[in-house]
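Here is the structure we will look at, set down as structure tokens.
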Protein chains: 2
Amino acid sequence: MANAIRFLSADAVENAGSGHPGLPLGAADIATVLFTRFMRFDPTMPEWPNRDRFVFSAGHGSMLLYSLLHLLGYKDIGIEEIRSFRQLGSKAAGHPEYGHAAGIETTTGPLGQGIANAVGMAIAERHLAARFGDELVDHRTYVFVGDGCLMEGISQEAISLAGQLKLSKLTMLWDDNGITIDGAVSLADATDQLARFQASGWDTFSCDGHDQDEIAAALEAANASDKPSLVDCRTTIGFGASGKAGTAKAHGSPLGEDEIKQMRETLDWPHEPFEVPANITDQWRIAGLRSAAARRKWEERHAALDAEQRGEFDRLHRGDLPSGLQQRIERAKRNANEMRPAVATRKASEMALEVINEIVPETLGGSADLTGSNNTLTEGLGVLSAENHDGRYIHYGIREHAMAGIMNGLALHGGVIPYGGTFLAFSDYARGAIRLSALMGLRVVYVLTHDSIGLGEDGPTHQPVEHLAALRAIPNLAVMRPADIVETLECWHLALESEDRPTVLALSRQAVPALRTDEHDENKSSRGAYELVSAHGEAKVTLFATGTEVEIAVAAQKSLEQDGYPTRVVSVPCFELFEAQTETYRAAFLDDPSLKVAIEAGVRQGWDALIGRHGIFVGMNGFGASGKAGELYTHFGITADEVVRQVRERMDPNPKDSEETEE
Amino acid sequence: MANAIRFLSADAVENAGSGHPGLPLGAADIATVLFTRFMRFDPTMPEWPNRDRFVFSAGHGSMLLYSLLHLLGYKDIGIEEIRSFRQLGSKAAGHPEYGHAAGIETTTGPLGQGIANAVGMAIAERHLAARFGDELVDHRTYVFVGDGCLMEGISQEAISLAGQLKLSKLTMLWDDNGITIDGAVSLADATDQLARFQASGWDTFSCDGHDQDEIAAALEAANASDKPSLVDCRTTIGFGASGKAGTAKAHGSPLGEDEIKQMRETLDWPHEPFEVPANITDQWRIAGLRSAAARRKWEERHAALDAEQRGEFDRLHRGDLPSGLQQRIERAKRNANEMRPAVATRKASEMALEVINEIVPETLGGSADLTGSNNTLTEGLGVLSAENHDGRYIHYGIREHAMAGIMNGLALHGGVIPYGGTFLAFSDYARGAIRLSALMGLRVVYVLTHDSIGLGEDGPTHQPVEHLAALRAIPNLAVMRPADIVETLECWHLALESEDRPTVLALSRQAVPALRTDEHDENKSSRGAYELVSAHGEAKVTLFATGTEVEIAVAAQKSLEQDGYPTRVVSVPCFELFEAQTETYRAAFLDDPSLKVAIEAGVRQGWDALIGRHGIFVGMNGFGASGKAGELYTHFGITADEVVRQVRERMDPNPKDSEETEE
């Protein structure tokens, strides 16, 4: 049965002319044991909520996964997909892509990410079990990793949190082949991995990765542990391809015709490429149906739930929001309009979360050790810990990258909506995983506070300058920077409704006044940009601004109007949503003859699309500095006075002055 | 003596109204022992190349460092700087900023970075010792870390490489106070750190961090080890401030008047704020001069070197490039003009490195396990290993983040010019450290290959789309994307000459033809953008392009000229350098009436500054896909035909068509 994986993989890579045969050949025995004796799943119902999760962190060995899915009878991966491996349009892409085919639990390729995803899934499992009972939620999470996954820093962040939370239903299978792209692992690493995992609160087990009974015994022991467990499977990369086995040559390119021919003899596999004999196919199909009975029993238990519980369980797994949320948000907006609180948008976010966390029980919050700064913990959530998986708040520790990767895993598992906080500047640490939230289209909410030089004295290491631009550059990521409490409520609502796109909320440390004081229930932030203050008469000047700088725009608008320049203020909470508006809507802001000005305490990149190369940009053109927030704004010239000065200079009829302003 | 640190720190934080008193109070004893009994340095000559390095990774406790520098007699940190701690313009910024004052060896604040910096410094020390002998280069590197540093993933990447390389002159002091911002470390972490470090090849030692003799004994033992060593110093955060000591309350805000008053009594320190009694000041100043004799002896040894060796040592430490480099680059460009090789720019980069590595002996290359893909290893460099510190190539392992942080440390140490490779997409993993290269203005060269969908079948996880934009957004980072071998040579030359700015070289997997076939020695890439192909007559169309897409622009230009549209091609190897040109130079490309088109296999963000909102952009507007490079270019419409089609449509006099093109 393992050889079926080996030859499907080797032949597919050969046929594609590129790919990674070494891993599937080396790990075929492990995969066979896992999927035929341990994993619980049902290929005819791949979305069964209580299935065991298999996270293939070493994504380059994707043919292992495709071979398994094909052999086990997952319909999405027919033989034609294997034959078109790595070709444009194939579900069998170079690396496993979430959404391409049922059975691919997550997108992998960037190493180490799968470990954090698996930790997230294992947390979701325990959390939902605490809510709905072990009868309904009781599955394991397996994560398959290579040496590269273990060298990446995110692995340490993820495993140490898994140890802390005692995620005993998480099992890691380490394809310990001693080879990376550059050669032997020993060129770059001498870590005693078992000792390292033990130090992080894991149980560890070892086996010969080509002895199926040893593998099974190790997995039995691992699954019996009350800690997360690592199974060190010692393997030979490219097993069977005797000319290249055990070397880096087997890793990342086709074996070649001769080598495969030799391998067919060595492993006694006389079949044509892509041909699997019927008896072996049958064995795999039977293995695929092993858990069908368990699945049906689970459905009986599910059906026996009382209507309310079942309805709630199903709602959570469909990802629908509870009814009533919209009304609660609108009510909060109306309250804000009455009270007009001058609060930091991070505080406004906390006020939004107080509303949301009460009515949306599936939110699972957290922070990378900045709880009091990110304002992410609301009353009554309870802390999720080894002893209390029911808690709805995770102390992620100082682990931004793993936090993001774990949130991806939580969202992938389903049944929860994760949000997590850190400082906007430290989104850099998490960027590898944020990109995957966007690529997979997951509902993950990043609460990124301290969003500009306005954080003050902590200085340039902590002051984001380029981060808004850098995050806006990521496709399918909604970057929102609300200006006040009403916009913050609107942006949170949009984030929750955004089922197939992650959201960044960029929030301030410093207080802002209430600026949206109209009494419409409409979610104006959903347009991405909208007119907040109108000009008296036809606008000669348009001031675009986001977040804390909208206040500056509003002040500048008043001065300019007094000076006789009709000026409007356009609040731009989200570039991405603005881009999605009709060209007519956009042109009304962009193509009218008014002078265009943008105000944002970040770099200019991206703003030229709104204001043009000759528009005025009031913002940052380098790193920040340590000092009081107000002094920094003055120092860097991000003030209403500066806006007014520059506009006046440009509106002056003297063309020479206007030229100088250009510089 | 330790109490002098405590009160300077507590009073400075109090005076600033913000800051982190807990760490300096807790770690004052450790710092006192280290700086008065172990560290070798000379405040009167802070740039002494053979000084011990002190890396303060837990940068938020910056007052510890400023107090030390002040007490030891470093001139840059006078009492007025301490009094103006965290104020705009003070050298005593919220976090230690490299370049603000002598004695600050690196910028810290983003946690964990200092560990990688220290590993880099320790590597540079052993490497230079191998070149110049232990008489000239023989110092230790100490790195001070907190719990947060140890939780960050970059710490695991860095310590495992340090263990691999047996950097025995590296000592880590862990301020083990059991407290983070959210509360007890035990909320989020249960790692047995000593076991973890041992697993990574470190020796570990422990001491009571408030018992100076125990600290000294542990440091003695650590320094005697033949491995890198960790000293676990158990401390009480906020030691002395009895109302807040041992709790998160001591971490990140002023203690308050009452608490400080109490502390003055508890620690028997009856002096006014910022006042240190003369006898204690004297003791600190004497400690500061402890190594002056050793420094003078070192200078004698330095003076006794033969002229050539001394000249070379001094040149390396000044950071001057060897004479003759320019001529060699120009010769290589002329050769390229003759041979006109059609090679991938990653291959062109290897050819450039063959020239450079021969004549610039201070380059220290490496790759995060993608040596054969990044083309970073040239013949004869030798691999730097535990047994051979003389080697000039580092197998960094699958550790992008640590690689970048280590390169920062190498550059900070001086005497070497680091470059390191990974895929452009994985710059995300390293971004936290890349930003610090830029903030500190370090000569670090990032060799980022596989720079677009052109990498083909590995698919969207590996295909950078937003990365050029995201890197261009970082201030003070030169992002270069050369179009052919001549531009690659020019960009490498610029990168080496860029003493105060890091460089990203974005390089292709796929081959490109030689496009720059003029025979001028001028480095045209230094203008950032220049006319590669002129229009016949006044240009009606300007095609901007970078890297592999310049070939497409050149092909489109030919077609458009044939169609009667005079068209020029502007190659844009570097936005940042183009922005630095005079407005006149820029306007000649941007403000003429020609139709503007940009071609880049990435997102549009940033290009509007060149082509305007109504310019034509031929590039990506989402993630890539798995498939053959050529098919992907066609699939995503990044072809000469598509450029020609869109230009024709726009040039068509029918305004309705032109409107539609807009969408």
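Don't overthink the numbers, they just go from 1 along the chain as shown.
The backbone N, Cα and C atoms fix where each Cβ goes, glycine too.
The substrate binding site annotation in TrEMBL covers A:His20, A:His251, A:Arg346, A:Ser373, A:His450, A:Asp458, A:His462, A:Arg509. The annotation site 'Important for catalytic activity' is assigned in TrEMBL to A:His20, A:His251. Per TrEMBL, the feature thiamine diphosphate binding site maps to A:His60, A:Gly109, A:Pro110, A:Leu111, A:Gly148, A:Asn177, A:His251, A:Phe426. Feature annotation from TrEMBL assigns Mg(2+) binding site to A:Asp147, A:Asn177, A:Ile179. The feature domain 'Transketolase-like pyrimidine-binding' is assigned by TrEMBL to A:343-514. Positions annotated as active site, proton donor by TrEMBL: A:Glu400.
On the structure: features taken from TrEMBL.
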residue  : record                            : Cβ neighbours (10 Å)
A:His20  : substrate binding site            : 27
A:His60  : thiamine diphosphate binding site : 25
A:Gly109 : thiamine diphosphate binding site : 26
A:Leu111 : thiamine diphosphate binding site : 28
A:Asp147 : Mg(2+) binding site               : 25
A:Gly148 : thiamine diphosphate binding site : 22
A:Arg346 : substrate binding site            : 25
A:Ser373 : substrate binding site            : 19
A:Glu400 : active site, proton donor         : 34
A:His450 : substrate binding site            : 27
- [ ] Please report the number of other Cβ atoms within 10 Å of the Cβ of A:His251 (substrate binding site).
- [x] 23
- [ ] Sort A:Gly148 (thiamine diphosphate binding site) into helix, strand or coil using the DSSP assignment.
- [x] helix
Open item on the list: Going by Cβ pairs closer than 8 Å, show me which of the binding-site residues A:His20, A:Asn177, A:His450 neighbour chain B.
Closed with: none
Task: Those binding-site residues of A:His20, A:Ile179, A:Arg346, A:His462 having Cα within 10 angstroms of A:Gly148 (thiamine diphosphate binding site) - done: A:Ile179
TODO: Could you round the CA separation between A:Arg509 (substrate binding site) and A:Gly109 (thiamine diphosphate binding site) to a whole angstrom and send it over?
DONE: 36
Task: Assigned conformation of A:Ile179 (Mg(2+) binding site) - DSSP reduced to three states - done: strand
TODO: Give the distance between the Cα atoms of A:Phe426 (thiamine diphosphate binding site) and A:Glu400 (active site, proton donor), rounded to the nearest whole Å.
DONE: 7
Task: For A:Asp458 (substrate binding site), the number of other Cβ atoms found within 10 Å of its own Cβ - done: 27
Task: Cα-proximity to A:His251 (substrate binding site), 10 Å cut-off, over recorded positions A:Gly109, A:Pro110, A:Leu111, A:Asp147, A:Glu400 - done: none
TODO: List, in sequence order, those binding-site residues among A:His60, A:Gly109, A:Leu111, A:Asp147 whose Cα sits within 10 Å of the Cα of A:His20 (substrate binding site).
DONE: A:His60
Open item on the list: Please identify, among the recorded positions A:Arg346, A:Glu400, A:His450, A:Asp458, A:His462, the one with the smallest Cα-Cα distance to A:Asn177 (thiamine diphosphate binding site).
Closed with: A:Glu400
Task: Cβ neighbours of A:Asn177 (thiamine diphosphate binding site) where a neighbour is any other Cβ within 10 Å - done: 26
TODO: Let me know the DSSP-derived helix, strand or coil state of A:Asp458 (substrate binding site), please.
DONE: coil
Open item on the list: Can you give me the residues near the recorded Mg(2+) site, meaning same chain, not A:Asp147, A:Asn177, A:Ile179 themselves, Cβ no more than 8 Å from the center of the site's Cβ atoms?
Closed with: A:Gly146, A:Asp175, A:Asp176, A:Gly178, A:Thr180, A:Val185, A:Thr235, A:Ile237
TODO: State the count of C-beta atoms found within 10 angstroms of the C-beta of A:Ile179 (Mg(2+) binding site), not counting that atom itself.
DONE: 28
- [ ] Could you measure between A:Ser373 (substrate binding site) and the residue listed as 'active site, proton donor' for me? Cα positions, answer in whole angstrom.
- [x] 15
